[in-house]
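According to TrEMBL, the protein has these features:
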type: ACT_SITE; residues: THR201; note: active site, nucleophile
type: BINDING; residues: ARG229, VAL230, GLY231, ASP232, THR252, GLY253, ASP254, GLY255; note: substrate binding site
type: SIGNAL; residues: 1-19; note: signal peptide
Amino acid sequence: MVIASFLLVVFQLVGAASAAALPLIINTWAFRKAAETAWRVLQLGGSELDAVERGCGQCEIDQCDGSVGYGGSPDESGETTLDAMIMDGNTMEVGAVADLRHVKNAIGVARKVIEFTEHTLLVGESASLFAVRMGFPYEDLTTQKSLSVYSEWLNQSCQPNYWKNVVPDSSKSCGPYKRPEKVTYKEEQTISQRSVHNHDTIGMVVIGGSGTVASGTSTNGAVHKIPGRVGDSPIAGAGSYADSTAGGAAATGDGDIMMRFLPSYQAVEYMRMGTDPTVACQKVISRIQKYAPKFFGAVICANTTGSYGAACNKIPGFTQFHFMVSSPLLSQPTEQVVDCI
């Protein structure tokens with residue numbers, strides 16, 4: 001009995017076991033308060049969509065790791081903008097906002113896109129005006145911390161940044177940049193000091209007691225991004241995906257690379273074919289590795305029976321991925337770890 005109990009604990013710690021039980025909540029990174037909030041919503045009778053909205057919204061309030069919500073990841077003009085999405089796996093409806101300015105509760109606005117429009121994605125200042133019409137306050141997303149991050153970046157000659165093949169040399173100056181008369185293409189930079197933990201996102205999958213699936217994401221995007229940049233987080237099938245006939249998945253990492261492969265959609269399709277969630281996540285990571293072996297990223301997966309898994313791409317400085325799981329088999333939301341492949 002002692003050996004069996006010990007082995008169960010070990011499997012939980014390394015993420016090797018994913019015993020099936022519903023309801024289930026799984027979210028990226030060790031964002032414990034987000035997991036606790038989402039679980040509490042379910043326990044109080046809230047819907048799966050409610051749990052996703054409140055759970056991701058908790059990270060927006062807490063400014064999780066500076067990568068979610070206001071006051072983090074200033075773009076190269078010093079402004080923080082937000083991306084978010086939420087998906088109903090019963091109806092396949094999606095609400096999303098991108099490049100959202102001056103409104104803190106991005107996933108709340110995304111939910112209103114589902115409830116009050118026939119659209120899927122609203123962007124930029126127009127998304128902000130929609131949010132105000134929906135009753136959200138118009139606020140400044142800048143903080144002393146984000147101003148400090150921006151100032152330090154300027155003092156480092158705007159390094160690192162996301163420009164390439166421009167003049168003046170973007171690796172040495174702040175620009176303004178323009179297209180050169182004669183373009184000499186350089187190999188795309190796929191790993192650098194800007195790659196690891198500069199693209200974190202909260203992604204969450206909630207599966208209710210009857211197998212109903214919802215998912216969502218929220219992020220302030222890549223730090224020092226070019227204004228107007230939108231990553232994978234608000235894109236259905238990239239940032240997250242939910243289908244109550246199969247399961248749900250969510251991605252985190254370098255969205256500019258990951259969104260090209262629709263990893264969340266692909267993971268759900270693997271699970272639809274009967275693939276174990278852990279293997280589904282691994283297969284998605286392996287697909288991206290073939291084209292971008294040094295990308296920073298991870299995926300979480302869960303099927304409608306409550307089995308779950310995660311996978312990540314192993315690069316220097318990122319060899320394990322931490323995520324949260326809440327289920328009836330656990331006394332409280334629990335941090336789990338998986339080794340990257």
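Just so it is clear, glycine is given a Cβ too, placed from its N, Cα and C backbone atoms.
Other Cβ atoms within 10 Å of the Cβ of VAL230 (substrate binding site), summed over all protein chains shown, number 21. Distance from the CA of THR201 (active site, nucleophile) to the CA of GLY231 (substrate binding site) is 10 Å. Taking a C-beta cut-off of under 8 Å and a sequence gap of six or more, THR201 (active site, nucleophile) has these contacts in its own chain: THR28, SER67, VAL68, THR217, SER218, THR219, SER233, GLY239, ALA250, ALA251, THR252, GLY253, GLY255. When the Cα positions of ARG229, VAL230, GLY231, ASP232, THR252, GLY253, ASP254, GLY255 are compared pair by pair, the longest gap among these substrate-binding residues is 16 Å. Counting other C-beta atoms within 10 Å of each candidate's C-beta, the binding-site residues ASP232, ASP254 are led by ASP232. A C-beta separation below 8 Å, combined with a sequence spacing of at least six in one chain, links ARG229 (substrate binding site) to ASP75, ASP99, TYR162, GLY221, ALA222, ASP256.
In this view, GLY253 (substrate binding site) is surrounded by 30 other Cβ atoms within 10 Å of its Cβ, with every protein chain counted.
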